[in-house]
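Scroll down for the structure; my scribbles are underneath it.
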């Protein structure tokens, strides 16, 4: 601050991750974006929450504090699915454990409230987004109220935050009070009543969903329909004597806005103080990667990505991607290799909807690909070829996962061939997650016959190209509905693969997901039918051992 001649920051972000100035990290994106608009931005990374000193370092901001748990839900960062402490925190210097508290969104906000009374605090990021309404918490096995109440923050930003955060900053700068901001898209607020909001969707109250599982399912089905930024309405849920009000999602960014955002001057490095610990492990996997788009057309039941990024695909221009690729290739550390060009799913770049996404469908791919979906594989192929031929680039790999049913479409044939010829570094990542048809349906994933068809075509195409390339297949055990019979079916399938897969994980119910609703209630929210749920650690471990083998698991 002294070097820049600042007497104070306008906005200070407090985060539970180590700071990495890279566009794959949310605080770096928002910080650079606000900086480009002329705001003075400060960042406090991984403060010692047991003391005051770290929180006091940058003083009081002129506008607001922004608090986030970081790129990952803190409970996932700290604990395994079996409730054991993880051996490493990939978002901390040197992978060190113990540098973040449980639910830092709450802990940091309460600390800031004590030290800086009267200064607005806005919470956001994945952890806050997935707890914006009442939710089931796997780690305490309880239904909890919106994190806004427990954190005592002024406002919550959900989803991707560029639009709401800049609007909050602009209006605070204009001296508007934060408790009067009732119309900012992509935010959640607490008010005494929901009167005055236009035809809000009123959910069963917190008390109702906590005491009645059918009410929990009802609430899930209601708020799930209000995730489309073009059709969503205000959602309200009574909690104690007040209402939690969710405004409609922020509108997606345009291509020009995406290009401008990702062209900001990121150093693509972690803070130099971390280098004595060997850097930050999470950065190493994405350091030479490129984000080509946001959003996910699918709505997999267990996944939080579509909940956070939305289903509208927001892509960058090929020219913007080529410019970034050349910049990365010019860094000697990259050796001219781009490790990934993708997003939540690599082969959704340039996808659009003939109806402008103005429909009630939450999943564009399940149970079949929507006829209104427009997939431009020619444009995808041209983009990848442009990046591959960018100045200084030697190789381009695709490490992001693929939706393999899209690669089976007739119009994807040439794109699929190009992918196998140039862009796979030995393994193509796909996520079947299961092979029992009933479980695939509950997960909103393609059935086993589609996976088998894809595996055959992939093998044939690689043989034709003279390539020795394989599939890295990801599976989930103990998903709701999966009993011993379905686990054995998955185990039998993996035995036909000729090797024991390592990409297997126990199901973890992430807040506000469809699968979390299934796990807590024991009901399929789409049909209301009862489901078998493996709840005990023993049952969950048994399914994992059936699939992966006790020796490898141990």
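Along the chain as shown, residues are numbered 1 onward.
Cβ atoms here come from the backbone N, Cα and C positions, even for glycine.
Under the heading domain 'Radical SAM core', TrEMBL lists 282-551. TrEMBL lists 296, 300, 303 with the feature [4Fe-4S] cluster binding site.
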Residue, out of the binding-site residues 296, 300, 303, whose Cβ gathers the largest set of other Cβ atoms within 10 Å:
296
When the pLDDT values for the domain 'Radical SAM core' (282-551) are averaged, what is the result?
95
Report the residues of the chain - excluding 296, 300, 303 - with C-beta within 8 Å of the mean position of the site's C-beta atoms, for the recorded [4Fe-4S] cluster site, in sequence order.
298, 299, 302, 304, 305, 306, 344, 345
Determine, from DSSP, whether residue 296 ([4Fe-4S] cluster binding site) sits in helix, strand or coil.
coil
